[in-house]
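Asker: Before I ask anything, here is the structure I am working with.
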Amino acid sequence: MTPTGNDGFVVFDHVQKSYDGQTLVVKDLNLSIGKGEFLTMLGPSGSGKTTCLMMLAGFETATHGEIRLAGRNINDVPPHKRGIGMVFQNYALFPHMTVGENLAFPLEVRGMSKAERESRVIRALDMVQMGRFRTRRPAQLSGGQQQRIALARALVFDPQLVLMDEPLGALDKQLREHMQYEIKSLHDNLGITVVYVTHDQGEALTMSDRIAVFNDGRIQQLAPPSVLYEQPENSFVAGFIGENNKLPGTIEKLDGQRAEVRLANGELIDATAVNIREVGQQTLVSIRPERVEFKPDLMPAGTHTIDAEVRDVIYMGDILRARMKVAGSDDFVMKFRNTLGQTRLQPGQHIRIGWNPQDARALDPV
Amino acid sequence: MATALDPHAAVVSGASGASPRLTTADGQPLARALARSSARARRRAFLLVAPLLLFVVVTFVIPIGQMLHRSIYNDGFSANMPQVSAWFAENPTGTQPDEAAYAALAADLTAAAEARTIGVVGTRMNYDVPGTRSLFTSTGRKARAGFEPPFREALIEADEDWADPTLWRAMRSASTAYTANFYLAAVDRTRDDENNIVRVPERQQVYVMLFQRTFWLSLLITGLTFLLGFPIAHLLATLPMRKSNLLMILVLLPFWTSLLVRTTAWMVLLQQQGVVNDILVWLGVVGQDGRLKLIYNQVGTIIAMTHILLPFMILPLYSVMRTINPSYVRAARSLGASSWTAFRRVYFPQTLPGLGAGALLVFILAVGYYITPALVGGSSGQLISNMIAMHMTETLNWSMAAALAAILLASVLVLYWIYDRLVGIDNLKLG
C-alpha cells in the first residue's frame, strides 16, 4: 500500500536531541510520515535512527522541536498513553507470563473484559499462525516464534502506529527473509502505519514504501527504495545502499545533467551530474557493479569506454563477480549474470568497459 | 567374532525377551562398557573434591552430629552413680526411696567422692534442680569418711535436702543417659510427679518467648532489608558502571568494617546523648527529656542487624536485576501500562528469584545471629542464640545448648522446605 499523498500522520518538526548537552545526536530532523506508510529509518549504528524511534515511542524526550501524532503534539504524553505498538530487538516478551498472558497484557491494562480479551488474543495469535502456542512460555519458543508473538502483542490492541526496532536482527537469513514478507503482508492487510528501524539495507529495500537514510544525526536522503538505489543524492547514500564503484575525477564538460569526467589517469567517462555545479570541480563518480558493461553492443552509442584489467573472477552461482583494475584503482567491481554462453573472463585479460551515462552519478567528493 | 562385528547381530545376540540388550562390537554389554569407561573419570573427579569432603566431614558434619547427640544424651549422673541408677531402673516411677535406695546413694556418693567425679554429678543435677551442686560437693566431702547404716538417717543428717522429693524425681530422670528432658526444657516444659508433661512455672518460662522473639525480629529485619535494599539494588543495576562501583563499595562497607569499630559507631550514633538524638532534639522532633532509647534494647538489635545484613539482600537482588533487560519495562509501557503497573506486573515478578534468595539468606542469618544482639541488644534485644551461648559458656549446660540449637536448626530446615514448596529452590539466584 503506497501512501496516497502525505497527510503527516507522524511529524517530526525541527527535532533535536542531545544526551550530554555538548553534542547533538539528532540534528534538526524534519520528517512527515503518511498514514498507512511503511517508513524505514536506515543507517549505521550511532546515526540517530534509534534515538528518533525512542523519541517517537516516548522513552526519550526531544531536546528541541515537536513530535506530532495525528496532528497532536505528543512531546509531553507519557509512553503508555501514546497508543503506539512497539516490537523490540530482543522481542521483550515477558518471561514470567505465557504467550496468552503476554498478549492479554495490553488489553488488561486497558481494562478490557475477559471475554473481549480472549477473542482478541485468539484473533491476534491466528493472525501470526501461532494459535497452538497460547499456553507456552516465551523461553519454550524458537526465535522466529518469539518474533511472531512479539508482533502479535504489538498489534493486539489495534494501534494506529507500530514501531519496530531491528526486529529481525536475531534471526538467521532464511527466517529473516520469510518474516520480512510476513511483516509486509500484515502491514498491507491491516493498513497500519509502520516505522521500522534497521541497519540492514536489504531489509529496508524489500519492505519499505520510503526509506530515510540516517547518518551523523541527519536524514541524508528520504526516498522510495528504487530511487534511493538508483539515484543516490550523495556519496554517503551511494556507498551505504548496495555495492558501488567510486571513481574520483574532475568535471571536464557540463551540459545540463550530462557531464564528462576526466579521471586521474587521463581517461574520460560519462556521468550524470547530481550535486555538481561547475566545470573543474572535483567529483566522485558512483556506479553500480551490475550496471557496468563490457560488451560494446550493450552500451549506448557514443559512450566513452575505459580500459580495465581483470584481476579475478568470483563464481557466486547466479552471478559472476569480476574485480578489475580501473584507472589505477584495484577494487573496481563488475557483476554479470551467469547465463548460458556468457563470456568467461580470465584474470589478466584486458577489456573495455562502459555504461549508460544515467547510471554513473557524479556526486560531491567526500 | 565375525558375527559380533555385524551391527545387527550385535543387537540381537544379547536379546532375551522383549527389550534387546545392546552390546559393544566385541560382545560386552553396552551398559557395563559405558560404566567402565566413565569410571576412571569419575574416580579422578572424586579425588579432586575429596579434600573438601574430608574437611567438611571432620569440621562440620561430625561436630553437628555430636551436638545433636548431646542434646539427647547426658551421662553425667548415670555413669558416676551406677548403684542408685540401677535402683531407679528396678523400681517404677512413684516408688518412695527406701533404705536400699539410700544405701545405693551413699555407696555411689562415696565412690564418686573418691574418684573426684562428684562435681560432674552435682553439675548435672544442678541443670534440673538449681542449687544442688553444692549439696553434692558438701555431702561428698563427708562421704569420704563413709556413711554408717541406717543410710537414710545418715544422709538426712548430712543434709536434710536428701529427703526432698523434687531432688529424687530429678535424679530419677537423670538416671538414664538418653533423655528428651532437654528438649522439654527448651520449650518450657517439664515432667510432674506423675511423669506428665506440664509447663514450667510462669516465672521460669523463657525459651518459647525467645524463640518467638527471634523469629519475629528476623522476619522484621528481613522485611526492612527488603524495603531498604530493593531501591538501592535497582539503582546499582541501572547506574553507569563507574557510579555503581562506588555505590557498591558503600554497600559492602559493613562487611569490611571491624565489628568493634561498627559497634562503637552505633553507640556514638544511637545512644541517648548520641548524634541521632542530638539532631532530633535540635530539630525539635523530641524534647530534651524525651530522648529516644535507640540502643541496648530491641530497637538497637533491629537497627544494627538490618545494617549488617543489608548486603545479603542487596547482592542477590542486584545480580538478578542486572540481567533484566530494560526493554521489558519499555515494552510494558508501550503496551499501555503506567510506570507503577509496569513495575508491579513486569519488573517486580522478574526480581523474585533474587528477592527469594536474599530473604532466605537474611532470615537464616538473622535467626542465628549472636554477636550483634549481645553487644547492642540490652536485655530486650537478646535472641535465642544468646541463650545458647550462655548455656555453652556460663552454665556449661551443653546438652541444653544443643537442644536449643537443634530446635533452631529444625525450624530453619522447615522454613527452607516451605520455601522450596512455594517458590522452588531452583528459582534461587545468589549471584
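Counting begins at 1 with the first residue displayed.
The backbone N, Cα and C atoms fix where each Cβ goes, glycine too.
Feature list, courtesy of TrEMBL:
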{"type": "TRANSMEM", "residues": "B:45-65", "note": "transmembrane segment"}
{"type": "DOMAIN", "residues": "B:211-419", "note": "domain 'ABC transmembrane type-1'"}
{"type": "TRANSMEM", "residues": "B:215-239", "note": "transmembrane segment"}
{"type": "TRANSMEM", "residues": "B:246-269", "note": "transmembrane segment"}
{"type": "TRANSMEM", "residues": "B:299-320", "note": "transmembrane segment"}
{"type": "TRANSMEM", "residues": "B:354-376", "note": "transmembrane segment"}
{"type": "TRANSMEM", "residues": "B:396-419", "note": "transmembrane segment"}
Asker: Go through the chain and flag residues at least 6 beyond the ends of the transmembrane segment (B:246-269) whose CB is under 8 A from any CB in it; none is fine as an answer.
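Answerer: 232, 235-236, 239, 275-276, 295, 300, 303-304, 307-308, 310-311, 314-315, 371-372, 375-376.
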Asker: Could you give the residue numbers and ranges of same-chain residues that sit at least 6 residues beyond the transmembrane segment (B:354-376) on either side and whose C-beta is under 8 angstroms from one of its C-beta atoms?
Answerer: 214-215, 217-219, 221-222, 225-226, 229-230, 233, 259, 263, 266-267, 270, 295-296, 300-301, 303-305, 308-309, 312-321, 382-386, 388-389, 408, 411-412, 415-416, 419, 423, 427-430
Asker: Could you give the residue numbers and ranges of same-chain residues that sit at least 6 residues beyond the transmembrane segment (B:215-239) on either side and whose C-beta is under 8 angstroms from one of its C-beta atoms?
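Answerer: Hits for the transmembrane segment (B:215-239): 247-248, 251, 298, 301-302, 305-306, 309-310, 312-314, 317-318, 321-322, 324, 326, 351, 354-355, 358-359, 362-363, 366-367, 383, 411.
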